[in-house]
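The structure appears right after this line, and notes come after that.
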Amino acid sequence: MSLTNYLVLAAILFTIGAVGVLVRRNAIVVFMCIELMLNSVNLTLVTFARATGTVDGQVIAFFVMVVAAAEVVIGLAIIMSIYRTRRSASVDDANLLKY
Amino acid sequence: MIEAPDLSLSALTPLLFVFGAALVGVLVESFAPRHVRQPTQVALALVGTVGAFGSTLLVAGDDGTVTGAGALAVDGAGHFLQATIAGLGALSILLFAERGLDPAKSAFVASAAVPAGSPRDRELLTDERVQTEVYPLATFAVGGMMLFVAANDLLVMFIALEVLSLPLYLICGLARRRRLLSQEAAVKYFLLGAFASAFFLYGLALVYGATGSIRLSEIRQSVTDDGTGTLLVLGLGLLVVGLMFKASVAPFHTWTPDVYQGAPTPVTAFMAACTKVAAFGAILRLLYVAFGTADWTWRPLVYGIAIVSMVVGAVLGLTQTDVKRMLAYSSIAHAGFLLTGVIGLGGGTGSGLSATLFYLLAYGLTTIGAFAVVTLVRDGDGEATHLSQWAGLARRSPLTAGVMTFLLLALAGIPLTSGFTGKFAVFRAAIEVGAWPLAVVALVTSAVAGFFYLRLVVLMYFSEPAEDGPSVGVPGLPTTIVLAVTVAATLVLGVVPGSVLDLADRAATLVG
């Protein structure tokens with residue numbers, strides 16, 4: 001199977017993630033969409049590692065996973081703290097800061 | 001037998017200092033009793049940042065070296081930016097440590113886990129307790145920024161980006177007063193920041209696919225030998241988007257006003273000064289070390305972004321009614337001015353690099369000073385940031401109004417302040433490489449931006465103070481030091497900038 005298929009799949013997943021960030025309203029779902037973008041990048045990296053015959057891409061994918069895990073910790077802590085006060089995780093309800 | 005990679009310890013000393021202090025800070029947080037944490041953490045964070053500043057100056061004489069198996073490029077520009085970040089970081093830590101301005105004791109929340117507005121939260125408002133984790137977190141952020149400007153490898157750049165961003169997302173949400181605003185700022189910053197780093201990462205993957213390497217020097221080699229393909233240009237575009245987001249350049253600026261307004265003011269000062277320096281360091285390194293030989297791929301893009309950023313910052317700044325938001329739009333406009341310096345580097349030989357380095361230093365110092373003044377003007381509810389509350393401030397406190405006026409004039413770029421020297425340097429660099437239309441737009445937008453700075457000055461001096469207006473707090477030792485240093489530096493860099501300009505000139509080398 002051609003490697004291009006994997007790249008196209010990754011590009012589609014990245015786009016779905018990016019569109020999700022822009023249209024979904026729940027902070028948790030937005031965050032999941034960002035994770036989808038990161039994982040599509042991992043797929044791209046592993047595919048390119050195969051295509052170029054180097055291992056750099058595979059190593060970077062591991063780094064990305066670690067960073068994504070750290071990001072989950074921070075992100076859920078922030079979303080939790082705002083949820084406990086507002087009883088809502090919608091990004092539209094948090095609207096005190098404008099203009 | 002696997003050979004250990006070469007490590008130049010002297011080049012790494014500043015980083016080891018600041019990360020070491022941050023790690024010890026985490027241990028202090030775990031094991032020290034609560035009442036000794038605040039002084040210990042402040043001392044540790046200062047040792048880390050001031051130590052990093054001093055050791056950068058000590059090792060800065062060396063020629064540029066590439067160390068850490070090629071992952072780090074410690075060169076003139078790297079040293080200059082690292083010293084700037086560490087110095088500005090130390091000033092920000094001093095602002096964090098201020099406890100005397102307010103009955104609430106600190107700018108930071110007593111316990112972040114207590115829901116905002118609950119009875120326990122109100123009880124803790126005037127408590128001695130502070131969430132002292134902010135100091136190690138800020139130190140980690142300073143470390144990440146110092147790594148960011150020395151990254152010679154896209155992976156190290158990405159890791160440094162996250163090391164500097166993740167602590168910032170957290171400390172944005174830890175304000176003592178107006179906690180809902182602060183938490184909202186943290187959520188916005190986090191979601192948009194993570195979104196932008198995903199773009200950076202996708203760009204990294206595409207550049208890796210196009211060139212087979214993530215090392216900046218190897219990307220440069222590959223660009224020179226094989227030319228550029230669609231994949232490479234697309235990757236470069238995505239990398240630039242990720243970095244411009246951090247530098248709060250319009251049109252990637254939408255988070256800036258909200259986060260600057262919602263975050264605790266000392267954190268805003270830290271973000272406005274240090275993050276900007278770090279992000280521009282990385283932009284310069286990426287564009288000139290990796291893509292310097294193919295500058296036609298990014299020059300039109302950066303040219304356009306610079307114009308958009310200057311216009312958006314200056315025009316939207318006019319409509320603001322909050323001092324912190326106004327300074328946020330000013331930072332967007334200044335990001336545009338800095339980009340004219342980036343354009344002014346030409347093919348890598350122009351004076352744009354030294355001009356940008358000088359501008360970053362001058363802008364960082366002035367901004368920290370301006371936000372330090374914002375922390376002083378208070379009413380019963382904390383800081384009074386609405387413009388109408390600043391009316392007639394000169395009658396209440398001529399000194400505070402005078403300091404703020406001087407710093408605002410520096411931001412506007414009036415002669416005899418560092419802002420003028422910086423602007424002159426970047427505009428001259430842009431004109432030297434033939435980008436005079438950009439310099440014209442920059443001059444016009446400077447004039448527009450000057451209007452909103454002067455409007456605040458006029459408001460402070462020529463309006464009647466309101467009956468129930470805010471009072472001006474008496475700054476404690478930390479804030480006094482910050483104000484003295486920033487005002488003195490703004491004046492010195494404006495009146496006798498020669499030696500620092502020379503220093504920036506000599507530091508203006510990028511190795512890869």
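In case you wondered, yes, glycine gets a Cβ from its N, Cα and C as well.
Whatever TrEMBL says is automated annotation, not expert-curated.
The range from B:80-97, B:152-169 that TrEMBL describes as transmembrane segment is residues B:80-97.
For the transmembrane segment (B:134-151), the partner stretch with the highest count of Cβ pairs under 8 angstroms, out of B:231-255, B:267-288, B:398-416, is B:267-288. Contact between the transmembrane segment (B:474-496) and the transmembrane segment (B:231-255) is absent: fewer than three CB pairs lie under 8 Å, with pairs separated by 6 or more positions in sequence. Between the transmembrane segment (B:300-319) and the listed ranges B:12-30, B:187-211, B:436-462, the one holding the most Cβ pairs under 8 Å is B:436-462. Beyond the transmembrane segment (B:326-345), the same-chain residues lying 6 or more positions past its ends with a Cβ under 8 Å from any Cβ of the stretch are 247-250, 253, 256-257, 259-261, 268, 272, 276, 280, 283-284, 287-288, 299, 302-303, 305-314, 316-317, 320, 351-353, 355-356, 359-360, 363, 367, 370-371, 374, 387, 411, 423, 425-433, 435, 438-439, 442, 445-446, 449, 452-453, 456.
Fewer than three CB pairs closer than 8 A are found between the transmembrane segment (B:267-288) and the transmembrane segment (B:187-211), and contact between the two stretches is not assigned (pairs 6 or more residues apart). Same-chain residues lying 6 or more positions outside the transmembrane segment (B:398-416) and placing a CB less than 8 Å from one of its CB atoms are 330, 334, 362-363, 366-367, 369-370, 373, 376-377, 422-423, 446, 449-450, 453-454, 456-457, 460-461, 472, 483, 486-487, 490-491, 494-495.
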